[in-house]
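> Got these off TrEMBL a minute ago, pasting:
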- 543, 547, 645, 649: Zn(2+) binding site (BINDING)
- 1-688: domain 'Alanyl-transfer RNA synthetases family profile' (DOMAIN)
Ligand code: ATP
Ligand code: MG
């Protein structure tokens, strides 16, 4: 479900995604005729059903697409087939195999489109006419009956099959024919037969494809609804176990109240999408595809919170039910059930906290709000900064008799969307093809320099990077980004010696694409392609280190450790893996030591490029879930570490020189991350450390035992601090005695105004100590502390009351002399100011209050 090799998509949203490279002609399929089931997720981009899900009964976020495919020449029946077979077989399958009543089926045919210059699909119409009553054939426009995978690329007319599952009485009242493609929940499309026969160019024009293909897609859950004779996908056994578990957990009943039903459907649907995504390697996160998954889960949490009154995490508990249902067919679920539960539970906790926080903020906004309408910008702030859903804001406002300025909210949202759209906007030109029938072969395991020919190129313009060229060569030593390893950099040299830099290399639908800022000169002639050797070598070392690290982690922590992602570049490596707790210092040391031992052993690379997948697995190779592997795979061995890997590696582990773990953190619940460095970077790291250490030694008079010296200093410092403290105490005691002698008697009050230059706390202590020993005391202390003026006023509690004196007022008054202010209680108050020169005046003025 998670796509890696296609920059235009985050998730598989149609059955054809996995076959795109064949439709585009980038590579040749091993089989020309295929039938399959494909997990799809329709939550972003061109296919986005998210807002429908739960509200209706037949759109899901994640669903299984059943399909049959013909890829290749349909005129040769040993290779491919086209419209006639696709239509006849679909009909045969539905009506004879599955025995669906023929009279309940309707089919649609493309009516043609003037702007595109396409005619009605009469070929399909004629084929259908031989099979079904003409009354059951409808014509459809481009929106429903012309399928395109994106703005550009292979596309073609489609023929859909719809089924009417209403009761006979209802069918009599309104003909099913009038309900096709009208959003009726019981007259739904179940199968779409797409006839790929055009290519959409960058300028929007259509071009006939030399090779025509069949692409069909049928929703498994909708078919189940028909076959099980129920009226909603959620009444099939795909969903009933989940719904009944939700009933048990929440105490709510399904099928009685519309809002509760919607919430239950949302949760039953979304837990599938999120669990499958996590098992396929996509964890919820704050960016990109991870953020899409987080948003799906948050939608479910929020529906539970509002409509099922669930204030604690509970969705994670549904994982067990789902794994029990689907685990046999999808073993990746079984293998990762605990991980899925943990991740979902933690996401639930954190979003429930966000919701609680948002509710408080919203309450404050409502309190401060004037009038009956909350400004849209406020709701947007809640949504954007705190992730608080706007529909929840509306609902709460409604409950309090207020409304939301929806228009202003939408406007703010649109501004933000446009901004990110602008940033991501790009224009992709058509491929200019120079050579046909030339494979783009990767030869970079064996060489970093090769003579190559340009097969095709195109220009792309993106807001982010400006104008770039994408070049495809007949063969290339450049490694395209993949398996966590970054793409190679380097240059291509034209026949006339002109040099064009390759700034990155990526794989797209199985095509190796080189990115340059200009088109090289003399494109018809041969080039020399040269990979940046240093960059590659540093990267390869880090890649090999990830394998050794993986093995070390499994040895130290156990076989439950599985790779969950990695990044390998010239500077460092990052390795994510499943493990339940933070690694302690001992474990990290052991892991580091094991990797360094493998480096010491100088293990040679043992590479096997074409070994059957099953044999590799039997030999103990570790396959990564979510990676695509062919029948034949490449295995990489260093000693006992065996992994399936397409990346580039060192010839001998000695090249790594040394391995240092620089960080260990958490990525998500149950997933840890280690960052590490090797070779040159590790050398610099250690050299810097030694330098810093030497500096330290110098500061410690070149001691040979700096730790000892430091420890002594530390101890001495501690001792000195203690001494200072006791000295201060003694001093204060003396001061207290002195001050007592200085007290004056004014109108029966013991009065003293004096500059003592203590800090605020010490003054307070002193004042209260004196107060405890002397009755009827009135004190004013002044202090100049680092250029700031402080005043402290203490008045005996009884005195303050009897003579109606107020320390707070007094310091405020006196504070004027020191250009400051203050306050406090009637018996004790302090003031601060920026003019220490005024302290004397303030103290002088103090006596006025009691005279
Ligand atoms: P609809 O108009 O009902 O949204 P669609 O035109 O988007 O369907 P296609 O893109 O042609 O559907 O996909 C082929 C088949 O996949 C459909 O006939 C249907 O059975 C199934 N399907 C499509 N979208 C969904 C979905 N969100 N949930 C479940 N099944 C779906
Ligand atoms: Mg749709």
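Glycine too: its Cβ is placed from the backbone N, Cα and C atoms.
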> Only counting partners 6 or more residues apart, tell me which same-chain residues put their Cβ under 8 Å from the Cβ of residue 543 (Zn(2+) binding site).
484, 485, 568, 573, 645, 647, 648, 649
> Give me the long-range Cβ neighbours of residue 547 (Zn(2+) binding site): same chain, 6+ apart, Cβ under 8 Å, in sequence order.
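Same-chain residues close to residue 547 (Zn(2+) binding site) (Cβ under 8 Å, separated by 6 or more) are 636, 638, 641, 643, 645, 649.
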> Measure the Cβ-based neighbour count of residue 649 (Zn(2+) binding site), defined as the other Cβ atoms within 10 Å of its Cβ.
24
> For the Zn(2+) site given as 543, 547, 645, 649, which other residues of the same chain have their Cβ within 8 Å of the site's Cβ centre?
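Everything else in range on the chain: 540, 544, 546, 636, 643, 647, 648.
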> Inside 10 Å of the Cβ of residue 645 (Zn(2+) binding site), count up the other Cβ atoms and send me the figure.
25
